[in-house]
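According to TrEMBL:
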TRANSMEM  83-104  transmembrane segment
TRANSMEM  125-148  transmembrane segment
TRANSMEM  205-230  transmembrane segment
TRANSMEM  334-357  transmembrane segment
TRANSMEM  417-444  transmembrane segment
TRANSMEM  464-489  transmembrane segment
TRANSMEM  501-520  transmembrane segment
TRANSMEM  610-636  transmembrane segment
TRANSMEM  683-703  transmembrane segment
TRANSMEM  709-727  transmembrane segment
TRANSMEM  781-800  transmembrane segment
TRANSMEM  812-832  transmembrane segment
REGION    852-884  region 'Disordered'
COMPBIAS  852-865  compositional bias 'Basic and acidic residues'
Amino acid sequence: MATEGETNNERKASTEDAVPGYSSTPLLVGVVVSIILMIGALVGLGLAAQEPADRMWAFPQASIEVPNVADDRPVTLPHVAQFAGLATGFFGTAAICFYAYYVLKQPMGNQLMVEIAHSIKAGAKAFLFTEYIYLSVFVIVIFVLAGVGTGSSAGAWDGWCTAICYLIGAALSAAAGYTGMIIATEGNSRTSWAAYKSLSNGLQVAFRSGAVMGLSVVSFGIIGLSAVLFIPDNGIVSIAGFSAGASSVALFARVGGGIYTKAADVGADLVGKVEAEIPEDDPRNPATIADNVGDNVGDVAGMGSDLFESFVGSIAAAVILAARQNDLEDYADFAVAFPFWICAIGIIAAVVCTAYLRCNENSSMNDLLNSMRMNVVVSAVLIVLGVLATVLIYFYEYYTPSNACIPEDGEALGRNCFTIQAAIGMWGCVLIGLVAGIFIGWITEYFTSSEDPPTRSIAQAAEFGAGPVIIQGMGMGMLSTTVPLVLVVSTIISTYKITGFYGTAIAAVGMLSTLGVTMATDAYGPVADNAGGISEMAELPEFVRDRTDRLDALGNTTAATGKGFANGSAVLAALSLLAAFTYEVSSDEQPPQQALLDTKSPTPYNAFVISEWTICGLLIGAVLPFIFSACTMLAVGRSAQAMIVEVRRQFASIEGLREGRPGVKADFTKCVEISTKASIREMIFPALLSILAPLCVGLLMGLSALTGLLAGALATGYLLGVMMNNAGGAWDNAKKYIEAGNLKDVDGNVMGKKSEWHKAAVAGDTVGDPFKDTSGPSLNILIKLMTVFALVFTPVFKSSTKDPSALLNDGTYPGIGVTAGALIVLAALFYWNVRVDKNVREQARAKTMAAKAEERARHEGHRTGQGEAPIDTTVDVTPDPSNV
């Protein structure tokens, strides 16, 4: 029951003129058009169901061979599965338009809230626009390289089809991220205002804003994949190129967005909370708007592009393995179509589950969390039942007696030899993937939630200072890798025993089949975080800020869980792509060998034979995630230094800002500009590293070394990513646990905000910010991007050499040359970082000295009664190109 104060505040709020939402006619048109397209796809599905088997569009015989089939027929992808993918994709876009229409119809809040939300939206759009300009140049370069490079090796048609599909994948990935981010920025102030009415209303607005991101990822992904596979005679290269395009956008969006958000967040926390001792999201803090912008560009657009890449990559790997893996030859057509059916069922389940989410007004943190959990569980149950029905329908439609599955007189097995064991096995792989994904999310939640011992132990370490907080957090992060790794290993072994690496790929598809819901719960977090910030900056009543704080706390937990889910799906998708790569690099001129990696389905080329080149590639791959993480961490550090200096400068030079004098405002635009420029500049080198590393190793050291590189990067990248994500999330929630006043010293004093314990926790959170929002999540993309680019450029690698040890296998001198080249590159990288760090420190020192001189002059002027003394504090902070 509301208190009298809350009732008065509500009455006061109701008298304010809330800016109404608006009806978006284009969105209603989008709903209608999507439904019409869905009906058209369903009509196509009905016609395809009547189509004779010999008229189905097929993958090219030259690209996919099934050795044991007597008539050497190519594997076909039934049009039924393609039209099912298109139909459910358009069903998802209709839901996207409806949810976006619902969000935009909600009141936007009072005029101040609208102005704050507009600043956040404008900053996010400006960043994405700038980022996409740089990204378009990169995409065009890769488009030309893919068309010319693969075309010269695999044929002009295959090469340019790959390049075109690369463009389509990049465009749809960018569109999914942009769509989700725009609605998220529209939903933040509306969530704050909805919290006036009830906690449930605020939850619904925030969650449906996030649902737009989740449904955009799965809907755009399945539409794109289904469409590109209509390109004739170009099956595998189409989906590989499409996946590579999605990977390129994901890397730039994740790295650039992560650097942006953490530069602002670190600057806002250290100067605002620790030095100025003002609350989080206080309007006096100049970095507040940049921090809220970063939540959207990093945790919405960046995470959306990341999971879009995992989604399409897992499907691509499953399709390639279905066509290549020998033991699937008897039902390869259904195996190729099966991932599309899984994703189609997942989209339907996502729309159903995102339509209903409620909570009570007095719901606790656990109640809200259980509501989110139940949403994911219900979605998983619907998918399990739908997939079971699919395999059983196919089994009973194409079932043949068991004796028809036994070859007689040397005859090959029939294509329709699909046993009940195979049907249940494929369904079991989906079930294993779903269960593993859910458990990985729960384990991540255990290590990052403030309700559980690991995070509380970090908070309790704050009694002894910042050092123990950092040590405890690092230890818990390392420990948290154990159980997820066991789950991933168990998933790989169990699914491999059922249907080989195709089963592992299907487990990845199954894990990501709930993506529409899990991505919605993840994208919900930044919307709720922004809503809390707007409530603070707009000085809304205390009870409203209490509600948005509860929504924000829930968002922190769901975000950490989403990162764990992204880690698990990434390693399965990357492993599936790696297995597909080993099939694609097979050479018919070599005798069949039993690969160490794949004993169930032998391949003509043993990519994992132990040699000096494999070991060298393995070690190079193992160090790449550390170099990549170092680059992103240092980038955040440099950007944060510039932000800290700017915030200090404004506190020193803008009179009355620190004291909160009426009418005095911070210059938010300058901080947004600093984050934008820094993130765009700093994201280039990590992106180039992830693209050039596999290409250079593949061309210079050969396929054995390249396979080792991909395996090494997969192993260390996954574990390092899990450690960083979980440690960062635990540090963040440990800080919030202290802020809530849950700890007391030996004298019984509450050690809350502004206490020494809180400052120690803020120091840990400062380290954890780039861990969990920049370096850790970006590693997921690194391991997938390198593998999918190796897959796309397989024709180039195969044409450059027929020998697994490539161009440098005939003596000592080439090895010395490679070593010398690698050392030169590393030395150049080290020198570049040292020079940039030195330049940033010099600029920071100069600006700090200027700000202090200005503050002293102003104080001296007030002391003498002559006003501010005229002093020139202008400092040239333009970076020296020779230093950078």
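Just so you know, glycine gets a Cβ as well, placed from its N, Cα and C.
Curation plays no part in TrEMBL annotations; they are all automatic predictions.
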- Message: Pairs of Cβ atoms less than 8 Å apart decide it: which stretch in 205-230, 417-444, 501-520, 610-636, 781-800 has the most with the transmembrane segment (334-357)?
- Response: 501-520
- Note on the structure: Contact count check, CB pairs under 8 angstroms to the transmembrane segment (464-489), set 417-444, 501-520, 610-636; argmax is 417-444
- Message: Same chain only, please: residues at least 6 beyond the ends of the transmembrane segment (501-520) with a C-beta under 8 Å from a C-beta of the stretch. Say none if there are none.
- Response: 92, 207, 210-211, 213-215, 217-218, 303-304, 307, 310-311, 314-315, 317-318, 321-322, 325, 328, 335, 338-339, 342-343, 345-347, 349-351, 353-354, 375-376, 379-380, 383, 387, 425-426, 429-434, 436-437, 441, 491-492, 495, 562, 565, 568-569, 572-573, 575-576, 579-580, 598, 601
- In contact by Cβ distance (the transmembrane segment (417-444), the transmembrane segment (610-636); 3 or more pairs under 8 Å): no
